[in-house]
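Each remark here refers to the structure printed beneath this line.
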Amino acid sequence: MMKHVLNKCLMGESLSVQEAEQVMEQIMSGRATASQVASLITMMRVRGETAEEILGFAKGMRAYARKFPAVIEGTIDTCGTGGDGLGTFNISTASALVLASLGVPVAKHGNRSVSSKSGSADVLEELGINIQASVEEACQMLETTNLCFLFAPLYHQSMRHVAGPRKEIGFRTIFNLLGPLTNPAGARYQLLGVYDEAAALKMGEALRQLGSEHSLLVTGADGLDECAIHGDTHVVEVKDGRCETYRFSPDDVGLPLGNLADIQVDTPAESAALIRAIFSGDGPQAAKNIVALNAGAALYACGNASHIAEGVHYASKAIESKRVFRYLQSLQQQGRGIKHA
């Protein structure tokens, strides 16, 4: 089958959802060779992956994922594609802490850094959160603390078959888009950061067909894979079986413009230090505001706010009152941390 698909892609043709799902089954089962995988994802990248191909690959990847038994109503994931090259701190991870402190169940799906300076796993480890929790431990954490981290390599072990080709070719491929679409806990609410508006549209269509309840796919100014504080944010909103697009600025939700430089870091340790500063009452205002902005958008996505501006208000109050900082400390005091905040 792989030879047929490769020839089809060589001719510039795209794959149907069914074909893409079958190809992913070949890849996940280890039946496709490394050279076949590299050739396929390179041709798809050059041509441009379609929404149907993204959907089929996501279905195939979900079928091979380790199942997460706990299903808590209203669970959300704050996840991004990475790859924006802007070197910002882990905004979606900080936003997840805000949400959990407010009682929203968050199943944070992520990995160590691949294309960024600090992956979600890297910064959580610095903050003292257990990233290597077993499935049972993660379930318990979600139920008792509202937050668990689903370390991608533990749940998507079949992805080992593409690790070599991805590393060797070194550029973004369809696999960069799949992580946010394959949350093991089946989170039907998402705030999903995407580095490119066109990719966000395709991923939004895939999420719609995968049964997302309500998701916001956001692309900030300069391709930031978060809601931006330094410019406008493009949104693909998936809700009620439809995809809609719009833009908004920080001013539209009651926040001033901030400087990109105030939210950039070089290492996971710097990212963790900035997150601690934000929640303890220090840190640049732009950093506080971008966390409130993204947490506010997530509160809207999971139905805990009637619009983004209202969510920003709730998130800002949680940060300013140090509710989030106390929550972070409580995670460690309960023995689930490995460092002190």
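Cβ atoms are placed via backbone N, Cα and C, with glycine included.
These figures come from a predicted structure and were not determined experimentally.
Annotated features in Swiss-Prot:
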BINDING   Gly80, Asn111  anthranilate 1 binding site
BINDING   Gly80, 83-84, Thr88, 90-93, 108-116, Ser120  5-phospho-alpha-D-ribose 1-diphosphate binding site
BINDING   Ser92, Glu226  Mg(2+) 1 binding site
BINDING   Arg166  anthranilate 2 binding site
BINDING   Asp225, Glu226  Mg(2+) 2 binding site
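Neighbour counts were taken at the CB atom with a 10 A radius for the binding-site residues His109, Arg112, Arg166; the maximum falls on His109. Each residue contributes its Cα atom, and for Gly80 (anthranilate 1 binding site) and Asp225 (Mg(2+) 2 binding site) these two points are 6 Å apart. Long-range Cβ proximity for Asp225 (Mg(2+) 2 binding site), meaning a same-chain Cβ under 8 A and a gap of 6 or more residues, is found for Gly80, Thr81, Gly82, Gly83, Asp84, Gly193, Val194, Tyr195, Val218, Thr219. A coil conformation is recorded for Arg112 (5-phospho-alpha-D-ribose 1-diphosphate binding site) in the three-state DSSP classification, outside any helix or strand. Of the listed binding-site residues Thr88, Ser92, Asn111, the Cβ environment within 10 Å is emptiest of other Cβ atoms at Asn111. Ser92 (5-phospho-alpha-D-ribose 1-diphosphate binding site) falls within a helical segment according to DSSP. Calculated from their C-alpha atoms, the gap between Thr88 (5-phospho-alpha-D-ribose 1-diphosphate binding site) and Arg166 (anthranilate 2 binding site) amounts to 23 Å.
Across the structure, Asn111 (anthranilate 1 binding site) and Glu226 (Mg(2+) 1 binding site) place their CA atoms 17 angstrom apart. Arg112 (5-phospho-alpha-D-ribose 1-diphosphate binding site) sits 15 Å from the residue listed as 'anthranilate 2 binding site', taking the Cα positions as reference. Checked against Glu226 (Mg(2+) 1 binding site), the binding-site residues Ser92, His109, Arg166 differ in C-alpha distance, with Ser92 being the nearest.
Geometry remark: Ser92 (5-phospho-alpha-D-ribose 1-diphosphate binding site) versus Arg166 (anthranilate 2 binding site), CA distance 24 Å. A gap of 20 Å separates the Cα atoms of Arg166 (anthranilate 2 binding site) and His109 (5-phospho-alpha-D-ribose 1-diphosphate binding site). Under the DSSP three-state reduction, Asp225 (Mg(2+) 2 binding site) is assigned to coil, being neither helix nor strand.
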